[in-house]
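If you look up TrEMBL, you'll see HIS29, HIS77, ASP164, HIS168 marked as Mn(2+) binding site. What TrEMBL records for 6-84 is domain 'Manganese/iron superoxide dismutase N-terminal'. The domain 'Manganese/iron superoxide dismutase C-terminal' annotation in TrEMBL covers 96-197.
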Amino acid sequence: MATQIQMPELRYGLSDLAPVISEETLNYHYGKHLQTYVNQLNTLIEATEYEDMVLADIIREAPAGPLFNNAGQVFNHAMYFEQFAAPVKEGEENLPTGALEEAIYASFGDFETFRQLMSDAALKLFGSGWAWLVQTENGSLKIEQYPNADNPLKHDQVPLLCIDVWEHAYYLDYQNRRAEYIQKIWNIIDWEIVAARMSVR
Ligand SMILES: [Fe+2]
């Protein structure tokens, strides 16, 4: 039997991201929405040419439609849930260091400019989708908005950081206040995880 696509494990407890992301939201978003994408993907790849592929290859190969949508959403959510840690304390800064900090400065000028641009991309994305920080083929960093399940792998980019702006990501905690969700999410980014995603050139 082929290896099934697995749920990614969380690196923190379900209540550890509160008050930025509540346990209730994680129960639905991780426990129900992501689990459904994983289940649907496994059903779609069973007994097909995709069943022995790794997830990234399924995304690159899949035609537009349910297979790509479910594979993309499994990947996007795995990246999303992996990149968080408990919120920094009130008044403390949460900033990238090392090569990632240097790349952000080289591409955007300074961290605050980058944070503003990425927040705007997430806020202004119409409907459901994702804002991404990506590394391009020449090594520079760029911010992208991708609708629905689309993601950087499909565009030959290295995905570094993502903000899910599907309403299911924030509605229980922030209702229609997407801007507040985006503003708070910077307090739970684990920059070491994001830095480890960079491609070394
Ligand atoms: Fe989501």
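Glycine is treated like the rest: Cβ placed from N, Cα and C.
Note: TrEMBL annotation is automatic and uncurated.
Feature map: TrEMBL annotations on the structure.
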{"residue": "HIS29", "record": "Mn(2+) binding site", "DSSP class": "helix"}
{"residue": "HIS77", "record": "Mn(2+) binding site", "DSSP class": "helix"}
{"residue": "ASP164", "record": "Mn(2+) binding site", "DSSP class": "strand"}
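Here the domain 'Manganese/iron superoxide dismutase N-terminal' (6-84) has, by DSSP, the following mix of helix, strand and coil residues: 47 helix, 1 strand, 31 coil.
A Cβ within 8 Å of the Cβ centre of HIS29, HIS77, ASP164, HIS168, the residues given for Mn(2+), is found for these other residues of the same chain: TYR30, HIS33, LEU34, TYR80, TRP166, ALA169. Taken together, the residues of the domain 'Manganese/iron superoxide dismutase N-terminal' (6-84) have an average pLDDT of 97.
Sequence-distant contacts (6 or more apart, same chain, Cβ under 8 Å) of HIS168 (Mn(2+) binding site) comprise TYR28, HIS29, HIS33. Annotation for the binding-site residues HIS29, HIS77: lowest Cβ count within 10 Å of the residue's own Cβ, HIS29.
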